[in-house]
Amino acid sequence: LQGIFVLGLPYALLHSGYSGLLLIVLAAALCCYTGKILIACLYEENEDGQQVRVRDTYEDIANACCKKLSPKLGGIVVNVTQVVELIMTCILYLVVSGNLLSHSFSYVPMTEKTWSVIVFVTLLPCVFIRTLKIVSKLSQLCSLVHFVIIVVVMTYCLTQTHQWSWAKFRLSVEFEDFLISIGVIIFSYTSQIFLPTLEGNMKNPEEFRFMLNWTHFFACILKTTFALTALLTWGEETKEVITDNLPSFLKTLVNLCLLTKALLSYPLPFFAATEIVYSCISKGNPSNYKFPLLALSVRGSFLLLTLLMAMFTPHFALLMGLSGSVTGAAMTFLLPSLFHLKLKWKKLSSLEKCADISVFILGFLCSLAGIVCSIKGLLEVFG
């Protein structure tokens, strides 16, 4: 819940004003709610009235909802959406890495795209990752680096309280900028694709709802505090990646820490995306799953795809907004509410039905508007 993309929140808050604070809180509440109803879809009542886990993955839920139309249609839609979201996450890591290196070594005559290629070369060993054990160790180091970064940025902001002014906070905002900010905020909360696996591996699954409440509560507090203090410190000068605002003596150090975090973060979504593809291939022909050349080809293709996308769309906030509006909204709001209505309709109260329908409509409208505005913003940049 507290990934590197939290660095784009101050910029999102700059373009959404006071309404952005409400959005961060509302997004936390809605994401927490949809996480709960998604997990509820994994369970069915047995003859004794007890809840029994009859499904294991997001894909299983989707297939159960679409089994009358097509036994595998729902799973295909979910898998495609998951892979797209994971690939977009990988692309964003490359984009932000190029940005960080470019600003850290501005005296070197190299563009962000060139730096992204250098980062890409360092990530080539990812094609040889075959188990989650390596990825988990990298993720542990990533969490430690992220904590250091947040502490450094927050500490600097707190030393600048003498120049804070609420006048730096926008009251009126541009509607299109506001919609892009929605996508950025949503993307910073997306975690639904990992929840079924997380809940299934908990020692006490009955505590899942309690855990989800507290993690989203603390995530909301941390995101709001971080975004607000950064915006009050730099105001209209707030950059897409907030570390670009730090003074030179801190910026290089923090940017190198962020680069380390981005490199350590990349393997997890990359591994997850390739595993989804492999699982689909293995269902069709199990022997293909173990074929080394095929595995290397798929991983190599995914790695190259992320580089090409990073080269053509080197704009962190716009790309993050587009990702949040497309895959983030679908996996976080649209599909969980739709699946919950489909599987639990007869057992839901009128209030619960209204809540699910409201979340679906809100998610659809935000997604549609965010897609249009993000694409328009990207076209304007390229134009």
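Cβ coordinates come from backbone N, Cα and C, glycine included.
Annotated features in TrEMBL:
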- 2-375: domain 'Amino acid transporter transmembrane' (DOMAIN)
- 20-43: transmembrane segment (TRANSMEM)
- 76-95: transmembrane segment (TRANSMEM)
- 115-132: transmembrane segment (TRANSMEM)
- 144-166: transmembrane segment (TRANSMEM)
- 178-198: transmembrane segment (TRANSMEM)
- 210-233: transmembrane segment (TRANSMEM)
- 253-281: transmembrane segment (TRANSMEM)
- 293-312: transmembrane segment (TRANSMEM)
- 318-339: transmembrane segment (TRANSMEM)
- 359-379: transmembrane segment (TRANSMEM)
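Contact check: the transmembrane segment (293-312) against the transmembrane segment (76-95) gives at least three Cβ pairs closer than 8 Å, residues 6 or more apart, which meets the contact criterion. Proximity of the transmembrane segment (253-281) to the transmembrane segment (115-132) is established through 3 or more Cβ-Cβ distances under 8 Å for residue pairs spaced 6 or more apart. Counting same-chain residues at least six beyond the ends of the transmembrane segment (210-233), those with a Cβ under 8 angstroms from any Cβ of the stretch are 1-2, 6, 9-10, 12-14, 20-21, 24-25, 28-29, 31-32, 35-36, 150, 153-154, 156-158, 160, 163-166, 168-169, 188-189, 202, 242, 245.
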